[in-house]
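Here is what TrEMBL says about this protein:
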- 34-214: domain 'Poly(A) polymerase nucleotidyltransferase' (DOMAIN)
- ASP112, ASP114, ASP167: Mg(2+) 2 binding site (BINDING)
- ASP112, ILE113, ASP114, ASP167, LYS228, TYR237: ATP binding site (BINDING)
- 220-354: domain 'Poly(A) polymerase central' (DOMAIN)
- 236-256: transmembrane segment (TRANSMEM)
- 263-281: transmembrane segment (TRANSMEM)
- 489-523: region 'Disordered' (REGION)
Amino acid sequence: MEFGIFENQLSHLNPPFTRILGFRRSPDVILRMEMERSMSLFQMMVNEGLVPSAEEEMKRRNAIDKLKKIVVEWVKTVTYQRGLPKKYLKFASGTILTYGSYGLGVYNSESDIDALCVGPYFATIAEDFFIVLHNMLASRPEVSEIHCVKDAKVPLMRFKFDGISIDLPYARLKVISIPENVDVFNPFFLKNIDDTTWKSLSGVRANRSILHLVPNIEIFQAVLRCIKFWAKRRGVYGNLLGFFGGIHLAVLSAFICQRHPSASLSALILLFFKTFGLWPWPTPVILQETIARPFIPADKVSWMPIQLPCSPYEFCHSNITRSTFYKIRTEFLRGHMLTKDMLRPDFDWNILFEPFPYARRYGLFVKIFLSACDKDELGDWVGWIKSRFRSLLVKLEELLGFCDPNPTEYVDTDASEPNVIFYWGLPTGRSDLIDADLVEEYFLKSIDNGYQGATGKMKLSVVKANQLPKKAQFAFERKNTKPCWRVVDDNRKKTNPQSKYKPHCADKYLPTNDSPEYPSAGG
């Protein structure tokens, strides 16, 4: 998108829209200041490394292309092994469909790729996917750290391909050949599919529905990048810990873009916080206005119901609890209070994206120490524990009334075994109401059933704020990835690899030459 499109969008700001924003200034002044705010916001995104370079885009595209070729070869191999007629060999095929942050076009250099393997009816998940395809991938020099996650709600393989982390679930359609870009909404392909396939397809279907429904894809992508960055900085990102996942934020961002198709990037951020800070939860957020409001059974009512755009009867899976609802709502209102004065001369985007001050906000923390014999075992163990975190969070709420599960993962480099540590904020002065040993015993009972990997260790304790680590790294923003086994000095100036050049996509948002008449504001 060329920068001139920004000007065109801003020129459509009419008096009713300016009244929504609450600003009583001339349209020309608002146009100029809106342009400045959008420019400075995008520049901040570039500085933070949220916008991938052309090299990063090409690296991921090549990885997906190679993976598609492997899948096609895999399907033909299975066709031969199954002893199917030779004529099937010519037509039998599979494909790869992307979704998540990559599928929506909002990934960065650190993001993984959510890729769905789609195969024909005769390629089974137990034997052909988890054994034959696994072995084919493991034999490739580009693939490393491959392992199977069979006990997840959506079974998948996880590996690195040319250094890029990839999550690969499997969908099995009742056909012989899968078109390269198969239509996941076509009833012909969805007929008689199993429950696992349906769940695996939901991510792709949701992504494509969102991109079809938003009025301007590039503006939507910019909004979603900002909102995801905000959610991670403010500690409200992570579905397993009771906060928002990527699909929740994508639907909320699309909802705002759909309602205000002519608004600028900065205005959409303002409207995002105003809308959801004042939203009458648990009224569901429904992206498509043409779909009737669904009936939600009493036992399915969520704190913040958000409808999946690909189905009128399904909602985004949510682990939100009373505590995390309060935290999210508080952060929405904070965002609203900060952005409602966006046109003030001293407005600064950096304040909106300040990291949440856990050590200053809470005096006590529950420390969750997880360890295992090696890194691979720890990755599986931590993933399993995180999938059961909601029960621990609800138990702490019962005892203390509130708990803030900080998604940041820390590492104790002095410990002999690979480890990950969580510190969850607790109400100050209420340590007498919690027996850490009893809570640990309760949680261990809740995680006993279903885990098939090597069991690691877990220890719960209550610590004070001054016992938090002085140096720690936000180990991984990506979901389901293993932690970095190092601790970084947080006093050292951060060097951003993206700051040494301007990504080619910056031209979509920024003018080619700086204008002295309209200096960037709030950057």
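Keep in mind that glycine also has a Cβ here, set from the backbone N, Cα and C atoms.
Overlay of TrEMBL annotations on the structure.
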{"residue": "ILE113", "record": "ATP binding site", "Cβ contacts under 8 Å, 6 or more apart": "ARG60, ALA63, ILE64, THR98, GLY100, TYR102, TYR107, ILE164, SER165, ILE166, ASP167"}
{"residue": "ASP114", "record": "Mg(2+) 2 binding site", "Cβ contacts under 8 Å, 6 or more apart": "THR98, TYR99, GLY100, SER101, TYR102, GLY103, ASP167, GLY203"}
{"residue": "LYS228", "record": "ATP binding site", "Cβ contacts under 8 Å, 6 or more apart": "SER101, VAL106, TYR237, GLY246, LEU249"}
Request  = Could you tell me which of these binding-site residues, ASP112, ASP167, has the greatest number of Cβ atoms within 10 Å of its own Cβ?
outcome  = ASP167
Inquiry  = Suppose we draw a 10 Å sphere around the Cβ of TYR237 (ATP binding site). How many other Cβ atoms does it contain, all chains included?
reply    = 22
Query = When the domain 'Poly(A) polymerase central' (220-354) is classified with DSSP, how many of its residues are helical, how many are strand and how many are coil?
reply = 69 helix, 6 strand, 60 coil
